[in-house]
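Below is one structure, written out as structure tokens; the observations come after it.
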């Protein structure tokens with residue numbers, strides 16, 4: 001069966017064309033439930049033992065994705081029309097629902113209702129497309145209800161009151177909102193919090209019926225319409241940019257502008273509900289013009305603010321608790337107000353008049369809820385407003401409605417921002433999940449990972465399927481590859497930190513017949529196993545890097561690859577990519593004789609820095625590995641000296657080493673990692689390899705080679721350091737890297753061996769990158 005759809009469309013050139021599409025309908029599309037005899041087991045994603053089946057509409061998918069992602073929500077039918085609407089309106093929600101449907105551990109089934117003969121509905125004359133889509137969703141509910149009969153209850157989960165009413169009248173099916181369904185599920189109280197801010201009016205019906213609602217007054221200025229913002233940007237009266245916020249206080253920040261100066265914003269009202277990362281439009285205002293509240297910056301948010309300015313209908317039950325909790329900042333720095341800087345150098349002040357694009361995190365914000373200020377305990381099971389304090393100080397405190405405040409107190413939790421209206425002092429947020437107890441090592445680690453958007457989920461079966469089976473070894477095909485050189489006869493070794501399992505680089509040196517030396521750096525050939533456009537390649541691109549923590553490592557690639565197949569371990573054959581140089585005894589590299597090749601190597605030893613240093617220092621050791629390390633160390637010293645002579649800048653960034661108790665995971669000792677000659681040897685060889693490869697890429701691909709550069713920091717960035725050094729009689733020349741390096745070498749104080757290190761560390765903080 002087929003349908004023909006025709007409509008008129010205006011092209012980009014302004015022409016109107018008629019578009020005709022054929023829509024084919026079938027009657028053999030699987031239902032996804034084992035209760036249907038016509039559905040094959042391979043297509044039966046839903047459970048036969050479910051308490052009921054849920055059919056969701058577009059509003060639920062767009063606004064209650066966190067609710068659907070909760071582990072207790074399963075056996076969900078997602079009509080294909082809902083996915084189509086979600087894709088056009090919110091790609092993030094669309095991908096999250098698609099991930100649920102693709103997850104073999106979850107029971108979410110996408111039903112192709114738009115291609116099923118019995119569930120496809122045609123748009124009526126004069127019918128809005130949204131009404132047509134709601135009718136299509138109700139058709140899915142009706143079809144499943146007829147299919148299953150008394151075998152399974154089918155519930156429509158909808159955010160549209162009218163859609164729910166029509167489902168009850170037309171289909172005779174049960175229909176409920178997210179909040180109503182959460183109340184039904186008495187087995188999981190977390191669902192109530194996930195639904196709390198979605199349709200807030202349902203929670204406040206009792207208060208409103210008792211006449212307790214207050215007249216809400218506007219606290220912030222309304223944002224200007226887009227047309228006004230666009231016109232102001234064009235004529236230069238307004239400025240658009242990304243809001244950068246102080247790391248210590250959420251209502252102090254600046255916005256880059258077209259006038260060549262950063263526009264500073266130092267007031268709650270002038271910030272006007274903007275948050276870090278938002279694309280905002282700013283208007284410059286004179287410093288002597290007060291904000292709309294007529295108060296000094298910070299006063300509207302300070303502890304002395306009027307308690308009636310909270311903007312929340314908290315009712316009699318919560319008066320004096322949540323109202324006062326809206327105010328007050330635990331960081332005194334936020335209440336200091338503008339400083340009496342020299343007006344000639346002070347950047348212009350501004351206020352946010354519009355927000356072009358919000359940067360609210362879809363993954364949410366980690367934080368804690370604050371205890372009641374009146375010292376009373378939270379009443380278990382009673383929904384109330386609580387104050388949520390994000391871990392990241394760049395973001396404001398938020399107000400969250402929850403019925404489990406007593407259980408969440410003292411926990412690290414995740415919340416997402418819902419909205420920030422002009423009559424609310426702080427933004428509304430919604431509880432998502434609990435991470436763990438405050439102070440617990442694993443919970444705090446998870447907070448850090450989430451705050452930095454680091455993926456910690458296990459690798460999927462699709463990713464692991466891209467790996468070769470273990471145990472793996474170099475095969476005959478690799479040896480016979482004409483593009484890969486067999487370098488297993490060379491005395492190659494690796495030098496890494498203690499306990500390193502993912503050994504990705506190795507070195508060698510040997511004397512050539514002409515009296516010169518061959519230097520070699522060998523990097524694990526990961527690209528041999530990570531093929532383009534595979535699931536493994538896509539996952540690695542998303543993760544970007546391996547993250548090393550004190551007690552944990554989050555891999556970019558599966559451990560089978562990094563710790564075995566691609567690890568250049570001692571006395572095993574491994575695939576590598578090698579760069580080979582010829583150098584004179586004096587350390588002059590003959591770049592015209594440099595070669596790059598895929599290779600097969602066999603490391604003679606996998607050493608730690610300490611073990612390598614011992615071999616370098618012990619003149620009694622004359623084996624091949626020890627003699628190679630001695631020669632590599634000598635070349636490393638020559639290369640380092642020449643880099644410094646060219647103006648290389650050596651900055652201090654000491655690596656802290658922690659000793660961890662294996663049972664409690666608490667630190668037992670702290671110290672600085674020792675930097676040995678062996679460390680610098682490896683560093684110089686890697687720098688030589690990187691620079692040589694960069695030159696090769698530039699010579700072969702001059703139009704597409706990309707340079708990673710570190711722009712010099714302006715003198716203004718060094719001013720705090722320069723002023724701090726004046727009392728000590730030390731000055732730095734920041735006109736160039738070479739002069740900075742030379743003056744840093746002279747920045748010493750007799751009797752203070754750590755002074756130079758501290759100065760270098762402070763200079764590092766002045767850099768742009």
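Placement of Cβ uses the backbone N, Cα and C atoms for every residue, glycine included.
TrEMBL entries are annotated by machine, without manual review.
Here TrEMBL gives region 'Disordered' for one range in the set 151-178, 235-262, 263-290, 291-318: that range is 291-318. Record note: among 202-221, 322-341, 342-361, 362-381, 202-221 is the stretch given as region 'Disordered' by TrEMBL.
In the predicted model, the domain 'PIN' (52-165) shows an average pLDDT of 91.
Broken down by DSSP into helix, strand and coil, the domain 'PIN' (52-165) contains 61 helix, 17 strand, 36 coil.
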